[in-house]
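What follows is one structure encoded as structure tokens, with my remarks underneath.
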Amino acid sequence: MPALLGPFGIWIVCAIVLAVMPVIFSSPVSVTIMNQMGISIVFALSYNMMLGQGGMLSFGHAVYFGLGGFFSVHVMNYIEVDGWPIPLPFLPFIGGLFGLAFAIIIGSFSTRRAGTVFAMISLGVGELIAACSIIFVVFFGGEEGVSGDRTMGPPVFGTEFLKEIEVYYLTAVIVFVAAALMYLFSLTPAGRMANAVRDNPERAEFVGYSQRQVRFMSFCASGFFAGIAGGLFAINYEILTEENLNLTTSGWVLLMAYIGGIGFFIGPIVGAVLLTLLQTVLSNHTELWLLYVGLLFVLTVMYVPSGLTGLMMMHGPAMKAGRLGQLAKPYMIAGIPLLVALAGGVAVLEMLNHYNNAPVGDNVAHFFWMAVDTHNPANWAVALAVTAIGAYTTYRATPQVREAWAEANDFSEKGGDR
Amino acid sequence: MGIIKKVRTLTATALLAASFTGASFAADNIRIAFIDPLSGPFATTGESGYRTFEYAAQTLVNDKGGVLGGRMFEIVPMDNKISPKESLIQLKRAISEGIHYIVQGNSSGVANALTDAINKHNRRNPDQRIIFLNYSAVDPALTNEKCNFWHFRFDANADIKMDALTDVIAEDQDIKKVYIIGQDYSFGKAVAAAAVKFIGAKRPDIEIVGNELHPIGKVKDFTPYATKIKSSGADAVITGNWGADMVGLGKAIVEAGVDAPIFTYYGAHDGITATFADKGVDVIRVVHEGTFNPPSAEFKAFNEGFKKVNPDKDLNQPRIIGTIQMLAKAMEAAGTDDPVAVATALEGMDFTNIYGRKVHMRASDHQIIQDVNITVHTDKNIEVDADNSGYGLLTEKTVKEAGKDLPTSCEMKRPS
Amino acid sequence: MELVVFSLLNGLVTGLLLFMLSSGLTLIFSMMGVLNFAHASFYMLGAYFAYTISGYMGFWVGLIFAPILVGVVGALIQRYGLRYVHRWGHVAELVFTFGLAFLIEEVVQFFWGKATKDYHEPELLDFPLFTLFGQSFPAYKAFMIFISIGIFIALLMMLTRTRVGLIIQAAITHPNTVANLGHNVPLVFMGVFGVGSALAGLAGVIAGPALGTFPGMAFVLGSIVFVVIVVGGLGSLAGAFVASLLIGWLQTFAIALDYSMTDLLDLLGVSFSDDHVLRDLWSLSLPQVAPILPYLLLILILIFRPTGLMGKRET
Amino acid sequence: MSASALSLQGIRKDFGETQIIRGVDLEIPAGERHAIIGPNGAGKSTLFHLISGKYSKTGGRIGLNGEDVTTLEPYAIARKGLSRSFQITNIFPRMTVFENVRCGLLWSMGLKYAFWKLVGRQKDLNERTSEILEMIGLTDRQAIPAGVLTYAEQRTLEIGITIAGGANVIMLDEPTAGMSASETDQTVELIRRVTEGKTLVMVEHDMGVVFDLADRISVLVYGEIIATGKPEEIRNNKAVQEAYLGEAPEEETETVGGAH
């Protein structure tokens, strides 16, 4: 893809997109959501440096995110109270350094092994730090956390970051730089060997690399960028709490990376954007959103292990061959009923939930910009029928899709030109 | 095809519904953002709070013609998943939707984050100010060192409740040994500190045989704690526990054969009463502002109406009623919905609540001063029960204007 | 003295309960190499199924049918979920079970709501069994001990005395060889997963009334079970047994013994003022840190003895 | 010091009670092509693992270019100039062919764990990688993931990775196993070409390959070397014939493994 616009083309496009986003989505709430996305993007990318690039499955990545954030917020308070002359844009970097410091300490023993042992250690460390965060109130502020005020530092280019939009541009710049650095890291010897160790640790040893050392370096880099994300969080929310470093946050970042696709650099970005939207927008529309996220996640792990990005990238060869058009029709034939089935399924779930939980007399559930009487059997019949018909039609259409797919990706007559 | 049919049916119902609820979508509604957990482990409490607000706003304000000449209250539910971060996102959402009134109650951590963020916001955006009506977060700091002009608390804070509770303990000469146990976080610690302070002042002869904090939400089995309590020989137990930690602790204590009253802040409703059932009778005591049994006629009627709509829910945070009534009254008094004017009207307001008792919003710290009851878990003389279990809270003792004399460290800064 | 006796008993109850969970998990792990994150979710399902069944037919029917139901659910998940995901490798399997744990919690909330369910012990067992030093020991706790030990013995008998047990033992160490001998290994896997889940379900059925039946009950117990099987040694039933009791007692005694850092420092003649920056550290007490002790143990074991107390293999 | 590139003194390895390698002494001078043969289960691969550091030794000493490497980790041994391949294909399946070879080069080109240099900007590195790809004949396959190569290509790539780092001692574990006759011939040619001027140690079952390539041969039986010598000497060695080749004549070109 970068080839279309030269080596830096894709980055230039990204920078422009970042710059114009708040012009298109200018409401305060969308700026807030975009800030949240930026934080998630850096966090998820840093996570994928371990999972996708280095083959290390961690259940405790929030530790570095949270600690980076807590230190940032404390520094913020020092800026306010003791007048430390640190401009705000440097704060995430400070968070990163603390993330790095803790990654060095914890990585020194946890990266000895990969696989299940690593996962278990990360879980143990995560639980430990999360528990400590409630015990050590002076540093972590107990369950109410530690707050700060970002506007107390020396002004940068005349801005004091009073407005959300100023924070957006600060976040955008840092997200851009951090993403670029993480991408570049993957192209360094240390980054390439992280891939090698992921694929085959033994072989890596026999070309002169200590697998432990390679993992340790990815781990530290990952901790550094997680700390940066934590620092961004501190700037955006001006508060850090226990939940920023507990298992739930660690689980979320795994979800983001995995649903987005851990095999691709942009995978976690896709995942971060999508899950932030689900978390902020979908959750305002349905209380079942966590159920949907859970379903999405389990289905992704089962059927699309390469994630949503993988799903898109699968079409690369066909697109290059100009055969994407062949797929359009079968996709429509299977896709529309699939959407109908999904809509029907969601309707059933929402109606069921409403039926079970709504106040008496409130018979009308609201979803899909509709109002549905859940005490009317006819509506139930319709919803179930739509689901069933949609599912059946999809099922009938799948062979067609499979066939078209095989045809579009059949390069056999072109010989060795792969 | 099925789709078309469905669309038709749904459109029909949609039209029907729109005509039904159309009134509440009017443009000049006074919108109140309800920021509390509506998903996740604490959703039960959040949900019943939301239902109470809805019902109170509907029956006490809207059905009576609204405020300011016909403007309706509209409660906008916003799920914060009990997370401070999510709360701030929802706060920003509320701001961008032009909402000026925020209500919240579950978790002092969230309340601290919100009051801090609202204070900052109001300072940074003087043309778009927000008022924070706190109906349940009881961390004393909110009306002391962390107080600000925009925050009003409609519940008795942890210190006030403890003051009332220790009054009762002090009168009971049979109590010689007290065991304090709570969750290991700011609220639990505040409860413990208050208990030590007040008991020490009122009954120095009482021995505090245990003062223990356990990790919040992480204890699977409270039996070891119960064993300790039993072997300490305590005559009374004080705890600020809530949720699953309350159920677990209470059950374990009762099962270990501890025959002592358990004084709690939140030992009822949300499945807790039903779980204790017979075992909790005359053991569990709850200190709160609610006066369930015997109820005032007005409250009983209100509760019956509420239960008709929400048979599975309880009116477990009755202070919400007062919150809505006082907000409406303040708006009428101010003659506008401008936040500064309304806040000024709320300050120092006197009001008679649904139980027919006087309450007062103290101007110096925006802490409500009201009667606080010590109630006991029982199935005798219960008119308003909890969890539909037949068990409920019977008022044993009432402390009038609890906390009126408690000092505050608040230095209120009013907008000039 | 009474504190010691009751702490021993309480630790035994907790430990045996942990064992019911960890025995299934460790069997599943040693056969399939999958650390099942959702194992504690089956425990939760057990409690909820039993709650619903007992509402119609009483506790005892629930005690029998809920675990069976959970076992069937487990077997189906293995057959149609895990076996399918297996093709994407171990990391995907681990992530799958993680997602499953997440999903099951949501599903439970969807059907049963978010509030604590009043799932009670049966009337028959609702009395204090004995009273020692004025403290009573509920009959239900004794029942829990009885059931757990019964399960342990039954499991041991099945593994050592029956043909299926021998195949399972062989499959643990040499999965391919057993397949070559003509045994249907996938079926054995499914069976073991089902039985393991059923054991977890049974633990939920009997723990639900004692520890509360609520949507967070799996989360509270989930990672502790991992600690048990890692500390005990992956794949070792005996290790899981020892580690379960160890952690059960570790937690109860840590709560029972009221020592704090300050006591230790007083002993050494050192004291710190109350407003020191590190005051939280000095004032730490054993009951306060009780819940983190298992994780500390986990990390130490993984660093210094990765095979666990009685295990033979790493990872 | 001696001219020995590789020097084994009394190497022993026990797995529990079982003695797998029972005291192996072997001196391989620099520049020699040395083959180790022996029946299945004789411990050839184990010996490789011991030399390359994959297994720890129960006893004995290993010298590489005059340095003691007995207790070093595999990567440390690799850095000292010993590189090896594996009996079962052991590549980086999800990386491209080009990157596979480049991984073999990184350390020796002095890039180590650098995270401030981009591999794409290292001109020498990429040129050298291309040269090696040219040498092993995989240039036109360089952009595809190694995992989708054919078996023979993967084996070739394995050799490419092994020699890429410029190690002066190359150890190949059954480089032609599972190949057809023509593929075997090509591989033998490749090995001959890429190990020019280097020390080669290989385990091989294909006697044709062994006698074709090796300067000297050692015969390993039950964890002991029963003979070392030039191909002619081994061919005529009575002990070898009895213990290993049985009564089979020397012309056997097929795998001998099954004949024990």
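Note that Cβ sites are derived from N, Cα and C of the backbone, with glycine treated the same way.
Heads up, TrEMBL stuff is auto-annotated, nobody curated it.
Annotated features, as they stand in TrEMBL:
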type     : residues  : note
TRANSMEM : C:6-27    : transmembrane segment
TRANSMEM : C:57-77   : transmembrane segment
TRANSMEM : C:89-112  : transmembrane segment
TRANSMEM : C:139-159 : transmembrane segment
TRANSMEM : C:187-208 : transmembrane segment
TRANSMEM : C:214-234 : transmembrane segment
TRANSMEM : C:241-261 : transmembrane segment
TRANSMEM : C:281-304 : transmembrane segment
Relative to the transmembrane segment (C:241-261), which of C:57-77, C:139-159, C:187-208, C:214-234, C:281-304 accounts for the most Cβ pairs at distances under 8 Å?
C:281-304
The transmembrane segment (C:89-112) touching the transmembrane segment (C:139-159) per 3+ Cβ pairs under 8 Å rule
no
Using Cβ atoms and a strict cutoff of less than 8 Å, what residues sit near the transmembrane segment (C:214-234) while being 6 or more residues removed from its termini?
18-19, 21-22, 25-26, 29-30, 35, 37, 39-41, 43-44, 47, 101, 104-105, 108-109, 112, 114-117, 204, 208, 240-244, 246-247, 294-295, 297-298, 301-302, 307-313, 315
Which one, C:57-77, C:187-208, C:281-304, has the most C-beta pairs under 8 Å toward the transmembrane segment (C:6-27)?
C:187-208
Which residues of the chain, 6 or more past the ends of the transmembrane segment (C:57-77), have a CB below 8 A from one of its CBs?
38, 42, 45-47, 49-51, 100, 120-122, 190-191, 193-202, 204-206
